[in-house]
Structures are given as C-alpha cells and as structure tokens.
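Undergrad: I am attaching a structure below and will ask some questions about it afterwards.
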Amino acid sequence: MASFTLHGIPVSRGIAIGRAHRLAPAALDVKHYLVPEEHVEAEVVRLQTALATVHRELQTLWNELPKDAPTELGAFIDVHALILSDPMISEAPLDIIRSRHYNAEWALVTQIEELSAQFDEIEDPYLRERKVDIQQVAERVLKVLMGSEPLPAPQTQPDDDEFMAQMVVVAHDISPADMLKFRDRSFIGFVTDVGGQNSHTAIVARSLDIPAAVGVSQASTLIEQDDWVIIDGDAGVVIVSPSALVLEQYRERQLAAQRARKKLSKLKKTPAVTKDGTPITLLANIELPDDCGPALEAGAVGVGLFRSEFLFMGRASDMPSEDEQFEQYRRAVVAMKGRPVTIRTLDIGADKPLDPTEHTALNPALGLRAIRYCLSEPQIFLAQLRAILRASAFGKVRILIPMLAHAHEIDQSLAMIELAKAELREANVKYDPNVEVGAMIEIPAAALALPMFVKKMHFLSIGTNDLIQYTLAIDRVDYEVAHLYNPLHPAVLQLISMTIAAGQKAGIDVAVCGEMAGDVKLTRLLLGMGLREFSMHPAQLLSVKQEILNSDMSAIGPQTRKILRSMDPDVIADAVQALQTL
Ligand code: PEP
Ligand code: MG
C-alpha cells in the first residue's frame with residue numbers, strides 16, 4: 001500500500017510506531033485490554049458462558065410468556081434467540097479473542113460495530129432496522145459479561161508478541177474519561193480526527209506520556225485497521241504505511257529519545273535551582289491517586305493540581321459518595337508522604353461533562369462549569385469539601401477553586417468551606433484547621449481584578465489553558481481554530497505576568513498549573529516573569545528541571561522585560577527562542 005502522511009496537532013511528544021486499531025465510539029464504552037496468550041482460551045470460555053446464559057434467559061422469558069401475550073412478543077424473543085445462535089455472534093467474536101487477544105467485551109463490541117456497518121448498507125428499510133435487534137442482543141451479553149469476573153488486565157504487554165505490543169488507537173474522538181481507560185498501557189499512541197492542543201483528551205494523553213496527534217482530519221476514515229502507522233508526536237504528523245527507509249529513520253529517533261530520557265532520570269533527586277541559586281518548586285498534575293507514583297518517581301515535591309473531576313466523569317447517575325471521595329483523596333495524600341497535595345474542587349462541564357449523553361448548553365465553556373456548577377449544587381460541593389477536609393488529617397492538603405471570577409463566588413466558596421468544617425467539628429471528625437485555600441486564575445476578569453483575590457486567598461494558581469481560551473475566545477477543543485490558540489499572545493503574557501507580580505507584592509505563592517508550565521520552550525520566559533512554582537505532568541518534570549538547572553536569572557530578566565514590552569508577535573516569538581540560547 002502506498003504511503004501517505006496526515007497532519008494534525010501535536011499533543012503528546014515522542015514517536016510511536018505500530019499497527020492501527022480503529023476504535024468505534026461504542027467500543028469505548030467497555031473495558032478493552034489485551035489478554036495474555038495463556039488466558040486466551042479462558043476468555044473464550046467467558047464469552048461462551050455469557051452467550052449460553054443469555055440463551056437460557058431468553059428460553060425462560062419464552063416459557064414464562066403469559067397465555068394472552070401478543071404473538072409478536074414470542075416472535076421477538078425467537079428473533080433474538082436466532083441472532084444469538086448465528087455464527088456472526090456466537091463464533092466471530094471468539095475468533096477475535098483468539099486472533100487479536102481482545103477481552104470478551106471488546107471482541108463482542110468490535111464484531112457488532114462491523115455488523116452494524118454492514119446493516120447500514122442494506123437498502124431494505126425493514127432489514128436495515130434489524131440492526132437494533134442485534135444491538136439489543138449484544139447488550140444482554142455485555143450485561144452478563146460485566147457481571148462475570150473478568151480476568152485481570154495485564155499490566156505489561158507480553159514482550160514476545162511484537163504485534164500485540166504495538167497498537168495505535170485511531171478514533172474519531174475520545175473523551176477525557178475514556179482516555180483514562182487506556183491506563184493499562186495496551187496502546188502506544190493515539191490519533192483522533194478532532195480535538196485541540198489543550199483539550200482535556202490531549203491533556204490526559206500527555207499525562208499517560210504516550211505520543212498523540214489530534215485534529216488529524218479524516219484519520220479514522222483514511223487509516224485502515226492494521227495499517228502500519230508512525231505518530232510523530234512532536235510534529236503532529238502521522239505517516240501511514242511508511243517505507244522501510246522512513247521506518248528506519250523514525251526507529252533511530254525513537255532510540256535517541258529513549259537514551260535522552262535515561263540521562264534525564266539521573267536528575268530525579270537533584271534540587272531544582274537555577275545557576276544563580278534561585279530555588280524553584282516543581283509540582284505534579286494528577287488525575288487519579290495512582291498518578292502519585294509517577295509523580296514521586298519524577299521527583300515532584302508535591303501535587304500542584306489534582307483534577308478531582310476525573311473521579312466524577314461518566315458517573316452522573318452514580319456520583320462518588322463523600323466516603324468514596326475521602327478514600328481517594330486520602331490515598332493521594334498518604335502516597336505523597338507529607339508533601340502538599342493541592343486538590344481542585346470539581347471542575348465539571350464543557351469538555352468534561354458529568355453525563356456525556358445529556359443535552360449541553362450552546363456554549364458549554366461559558367456555561368455552568370466548575371465553581372458555578374458547585375455553587376448551584378451545594379450538597380455535592382459540601383460533600384466534596386468534607387471529603388477533602390477529612391483527608392487533610394492525613395497530610396498537607398490545599399484546596400483549589402476553579403473558574404472564580406466574581407467576589408461573591410469567592411465569598412460563597414469560603415463560606416461553604418467554613419460550613420463543611422463546622423459540620424465535621426459537629427460530628428467530631430478530624431481535619432486540618434489550617435488548610436490553605438487558593439484560586440485558579442483562568443478567567444481574564446480574575447487576572448484583571450487580582451486585589452479581590454489576594455486579599456482572601458492563601459495562594460493562586462494560573463490555569464493557562466483556560467486563560468488562553470477565554471482571553472483569545474478560542475475554544476480549546478475546536479481544531480478549526482486551534483492555530484489561533486497562542487500562549488505567546490501579548491495579552492496572555494500580560495495577564496500571566498500581572499498575576500505573578502500581584503502575588504509577589506501580596507506575599508502569596510503563585511503557581512502555573514496549565515500546560516505552559518510543562519513546556520520547556522517556555523520555562524525561561526516564566527522564570528523571567530518571576531514564576532517560582534510550576535505544576536505539570538510528571539512526564540514533563542525532569543525536562544523542565546534540566547532547563548531550570550541551565551538557566552541564569554540575571555540573563556533571563558532583561559530579555560523577558562523586552563518580551564513583555566512588545567506587541568509584535570514576531571518579535572516576541574524570536575525573543576522567546578533567543579531566551580533558550582542565553
Ligand atoms: C487550566 O485551565 O489551565 C487548568 C490547569 O485546568 P484545566 O486544564 O483542567 O481546565
Ligand atoms: Mg481550567
């Protein structure tokens with residue numbers, strides 16, 4: 001097959017070389033992992049058992065039909081039983097488990113997707129509609145499967161099976177919540193048709209430290225199942241069916257990157273101090289408590305942003321209880337062994353919906369998101385605050401409030417925290433009475449009204465992802481305007497610099513926890529603006545530390561001031577590049 005190249009937006013660095021695995025949206029709703037060779041037959045039996053159980057269920061339904069039941073009902077059950085016995089359902093998914101090593105649920109959904117596509121082509125509308133019956137049968141089987149004990153997902157892929165260890169996901173879109181399901185590392189790269197540089201899907205891809213390109217228009221239609229694919233995550237380029245020569249070049253780059261990483265790992269215990277002796281705090285961004293391991297591994301001195309909404313996403317009808325949340329926050333706090341853990345309160349909404357099927361507002365990014373949602377759902381907010389406060393009895397916890405813009409939102413948030421504390425005191429539950437509370441500065445209005453914040457908050461954390469989105473009116477998820485999403489826009493730089501300066505003046509800590517903090521090309525610029533606290537994905541931490549170790553504040557300062565005085569994008573871009581050579 002002829003080679004071709006697709007262009008998208010680079011979101012997670014590195015090079016991935018593997019076979020394409022196209023994932024249809026439905027396939028994302030079930031667990032998907034690769035079953036090790038020795039468990040394949042057991043997985044086949046698991047699916048066979050589920051099929052047999054559904055057979056029995058249908059038989060019982062048929063036997064228990066009331067005498068006066070309409071005849072269509074019996075016929076309906078017959079059709080489902082026939083579908084279930086058809087080799088398309090009773091055998092093809094078993095072959096998928098055997099040949100591709102998919103787990104049972106994934107194999108079934110893959111087969112159903114293929115069948116559905118075939119049904120869509122049928123001219124006869126009656127027959128075309130039978131697709132629904134197939135889906136209903138599959139749902140029954142899935143329900144049984146989900147109730148049956150799955151074999152544990154392997155943590156690492158079998159080394160001896162090169163094909164299995166090299167799968168690249170190709171999908172139209174992947175939600176941030178679905179992205180989290182890829183944590184078992186079954187996949188080595190991601191390509192999606194849509195998405196932006198700082199969409200939450202891209203952020204999770206970065207946190208998984210797996211090469212990814214989004215906004216690769218038409219990728220999911222042009223790339224075929226099992227095509228060889230190279231993802232150049234630094235350039236956002238996807239090469240399909242590469243020639244042997246190109247493949248060789250990329251393999252060499254991959255090896256060079258591996259060597260560089262190995263070298264970086266030696267910096268883990270080195271304190272982050274600039275050449276002239278300025279100490280810098282490097283913190284980790286996490287989505288779930290399990291990320292604390294990689295955070296410590298990378299030498300983070302604390303968690304600067306725990307995106308707590310990942311505990312809630314996709315659980316609209318089964319929200320995590322106060323106790324469940326407490327357990328998760330406590331796990332993170334204990335894992336960090338006394339280092340501070342900054343837990344951001346629920347930032348649900350926009351591209352992180354609680355219920356992805358629910359009708360969303362016309363402009364969700366401007367809607368009932370984050371603190372606005374929490375203040376409109378006081379019981380949910382209070383339960384979360386109590387859970388966070390309870391975790392503060394186990395180590396240093398800080399509370400971070402997202403999307404604040406109004407004075408009354410600050411006051412109401414603080415009042416809710418006091419209320420949560422009072423409830424805990426009443427119940428004789430321990431918490432740290434000195435828990436610090438901080439505000440995310442991520443709406444331009446907040447950056448322009450900083451006295452409102454510094455007076456009442458213990459610390460500030462600049463959310464550059466949203467600050468850029470709202471300053472430039474660029475939807476961070478929309479790939480059609482992604483080229484306009486520019487962290488170096490003078491307006492953005494002014495707002496960041498003003499926030500850092502206001503914090504310094506008031507004597508309170510200011511961090512950057514947006515993606516800018518983990519971008520080594522911007523490290524010196526942020527240092528020059530006076531930033532002393534950076535929070536980023538663990539995978540980025542050592543590169544940023546290396547940049548800090550090589551930086552000299554006396555050289556960076558004057559150049560940064562020049563950048564901040566300029567309104568010319570070319571001058572700014574050149575000067576930022578020049579900063580790196582100082
Ligand atoms: C930000 O907006 O920069 C941020 C850190 O929060 P999130 O990306 O989760 O919106
Ligand atoms: Mg944000």
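Even glycines carry a Cβ here, placed using N, Cα and C.
The domain 'Phosphotransferase system enzyme I N-terminal' feature in TrEMBL is assigned to 7-130. The annotation domain 'PEP-utilising enzyme mobile' is assigned in TrEMBL to 166-236. The feature active site, tele-phosphohistidine intermediate is assigned by TrEMBL to H200. Feature annotation from TrEMBL assigns domain 'PEP-utilising enzyme C-terminal' to 262-551. The phosphoenolpyruvate binding site annotation in TrEMBL covers R307, R344, N465, D466, R476. If you look up TrEMBL, you'll see E442, D466 marked as Mg(2+) binding site. For C513, the entry in TrEMBL reads active site, proton donor.
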Undergrad: Tell me which recorded positions (R344, D466, R476, C513) have a Cβ under 6 A from ligand 1; sequence order is fine.
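TA: The qualifying recorded positions are D466, C513.
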Undergrad: Sort out the sequence-distant neighbours of the residue listed as 'active site, proton donor' for me: same chain, 6+ apart, CB within less than 8 Å of its CB, listed by position.
TA: L283, N285, G304, L305, M440, S461, I462, G463, S535, M536
Undergrad: Using DSSP, break the domain 'Phosphotransferase system enzyme I N-terminal' (7-130) down into helix, strand and coil residues and give each count.
TA: 82 helix, 15 strand, 27 coil
Undergrad: Which recorded positions are spatial neighbours of E442 (Mg(2+) binding site) here, meaning Cα within 10 Å, out of H200, R344, N465, D466, R476?
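TA: So far as Cα distances go, the recorded positions lying within 10 Å of E442 (Mg(2+) binding site) are N465, D466.
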Undergrad: Might you list, by sequence position, any residue in that chain lying six or more from D466 (phosphoenolpyruvate binding site) with a Cβ less than 8 Å away from its Cβ?
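TA: Listed in sequence order, they are M403, M440, E442, I443, R476, G514.
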Undergrad: What whole-number distance in angstrom separates the two most remote CA atoms of the phosphoenolpyruvate-binding residues R307, R344, N465, D466, R476?
TA: 20
Undergrad: I'd like the number of other C-beta atoms within 10 A of the C-beta of N465 (phosphoenolpyruvate binding site), please.
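TA: Result for N465 (phosphoenolpyruvate binding site): 23 neighbouring Cβ atoms inside 10 Å.
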Undergrad: Using Cα coordinates, what distance in whole Å links R307 (phosphoenolpyruvate binding site) and the residue listed as 'active site, tele-phosphohistidine intermediate'?
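TA: Their Cα atoms are separated by 11 Å.
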